[in-house]
Every structure is written in structure tokens, then in C-alpha cells.
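Everything on this sheet refers to the single structure shown next.
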């Protein structure tokens, strides 16, 4: 199937809903960043404990996707999706009433387990319907929708924080989840018919994962694209300190600067769609990683003495390459999944958010009251992606 064979209205609705379902992570992370000081004060805890809630969320997303992969290959796409989105909404309400930091961290883990259903099922549905080149185009369209999350989330979170307190942010997340659940029930089709479902036991599931993990054509682009998420979440976890504490940016201004970088990701997704009309996904993928490394080097060089306005240029360009790396890398990897789209999608998700958890934690561990931990981790992720392609002989038989 190709994009052109789907009715335009149906394809548009499906893309919007799938994009919203994959936006749970940016909404659940970016929306409450400006509320960190208020959460610290509410729970009487330090910045480190509240920042740890990001790593807990990423860990929950990684583990959850490992679970969902075999589940959606056995029970279909739609039922596990709806159950996960419902869990996200219910737990978000619970987080709004969390009495202490311990229950808050536990809730963030459960919230991630629910929210990651949308991410993994969306990729599996696209793999069910399209080949590599068209998958990259659909993923780019989805990322246009998903990219609104980092633009709208910090702005909405900032206003909610100012007028109703940090707990209202999680009430809003619960309402967003409920709206996505209704949309999924009405718009998202079941793309895995019963005759194609795999009733696999634990042994066969493990053998499937092993086979996919040793499939170089799948794992090399999957790992390289996942490292782009490491760069993204190095920025997300480090930017509140770099912008607000180090450069004295007001929290209300920070949300607009954060949105500006997110706008770069939206524009890059549109550029990717246009490039895919003329170039193969593999070529765009390689070029985007090269540009990411060059911009990361410039960012690191400017992190010591340059004013924030100057640093923002290579940072914006670096963040803008991530949709090109992610969309094309995921599409290439999923095109080699065969009958195991759910399991392959779960591997990609584990890599993405496992590396997101690792790099966001590294930014905190390396914290030294400068911008170097953030910029260094961004560059390290890009260089690592390039090394993966070289060592894995990407594009060679």
C-alpha cells in the first residue's frame, strides 16, 4: 500500500491521531519542566529528586515498549492501544493528587507504561500499511503533529503553573489522554487481522527478539536513530539549568525559547517530506547525522564563553536535524521487520527511551554549573550515531 491509495480524508485523520498518540512523551515531559521549582517546594525535596522523575519516565517508556511489542503482535493493535491510553489518563489524575515525591516518582513510571502504547502501536500500524519510503513520509507527517507537543506543552504548562499550580498540569494531561482515547476508538483501524496474529510463548518471543537484534539491516539504523533521541533528551534535561539558572532567562521566556527549538523540528519534518520526493530515505538519514555532528561541535565550542543568543544558533540547527534522523531511521529499520512489526517497534522504542534515560541521567551526573554537560552529551550522541553506521557498515550488503 502507498499513501496515495488511502482516501485523503482518512489518511489525514489517521495521521493526526497517530501523531497525537506519539506526542504523549513530549507533553508528559515538556509540560511540567517549568514547574520543577514549585514541585520541589511542594514536596520539600531537592532539584535532583524532581529531575529524576524525567529518568523514571523514560525508563518506564523503555520497559513498557518491550512489553507491548509481543502483546500487540498477539492481540492486535487497537485493544492494547486503548488500554494503554486509558492507563495514562487515570494515572495522570493520580499524579495531580500525589502526596509526596515517592508516590510522584511511582506515578511517573506508571504514566509512562500507559503513554508508550501510542508510540509503539503507531509505528506498528505504519509498518502494517506501508513500505520504507512511504513509511518515512507518513512518519514525517506524524512528526509535524507530534512536534506541536514541544511547542505547545511548555507554553500551556507555564500558563497552568502561573494560574492554577503545578498539579493542574497533570489534570490537563489526563484530559489530553481522554481525548486521544476517544479519537483512537473512532479513527484508528485494526491493521493486524486475527489470521496474522502470533500466539507465541515466552520461548518464541525471546527467539524473535534475538533474531531481530541480530538483523543488521534493522538494528543499525534503529540504534543510530535512537541516539538522536539521546541528543534530544540531553537538551530537554539540561536546558532548564542552562537557560534559566546559567543565563538568567525568566521561566516565562524559557517556554518560548523551548518552543522556538521545537518549531525547528516541525519545519525539519516538513523539509523531510519534500526531500523524500527526490531522495531515498537512506541518503537523507546519512546527511542529517553528518549535519548533527557538525552542529554539535559548534555548540560545544561556543558553550564556554558565548552568550545564549549565539549558542542558540547551532543548538537550533542541531535539534532540527533530529526529525530527519528519527523518521528515516525508524522507517528503514521497520521495513526489515517482516512479520514481527510489534516486536521490532518495541526494540526501537526501548533503544530510543533507554538512551533518552541514559543521556538525561548523564547530564545530571556531569553537572558542573556550566553548559558543557548538555552540549557535550548532545555531541556524544551524534558522534555515537555516526560510529554505529560506520561499524555496522550501513548501506552495505
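Just so it is clear, glycine is given a Cβ too, placed from its N, Cα and C backbone atoms.
All annotation found in TrEMBL is predicted automatically rather than curated by experts.
Sequence annotations record features per position, and here TrEMBL assigns transmembrane segment to 12-32, 52-72, 79-98, 104-126, 138-162, 168-188, 217-236, 256-276, 283-302, 308-334, 346-366, 372-392. Under the heading domain 'Major facilitator superfamily (MFS) profile', TrEMBL lists 14-397.
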Residues from the same chain, set at least six apart from the ends of the transmembrane segment (168-188), whose C-beta lies under 8 A from its own: 13-14, 17-18, 20-21, 24, 27-28, 31-32, 35, 77-78, 81-82, 85-86, 88-90, 92-93, 95-96, 111, 114-115, 118, 125, 156-157, 160-161
Leading stretch by Cβ pairs under 8 Å, where the reference is the transmembrane segment (283-302) and the options are 52-72, 79-98, 217-236, 372-392: 372-392
Recorded stretches the transmembrane segment (308-334) and the transmembrane segment (79-98) touching, at least 3 CB pairs under 8 Å: no
Long-range neighbours of the transmembrane segment (79-98), counting only residues six or more past its ends (CB under 8 A): 21, 24, 28, 64, 68, 71-72, 104, 107-108, 110-111, 113-118, 121, 167-171, 173-175, 177-178, 180-181, 184-185, 188
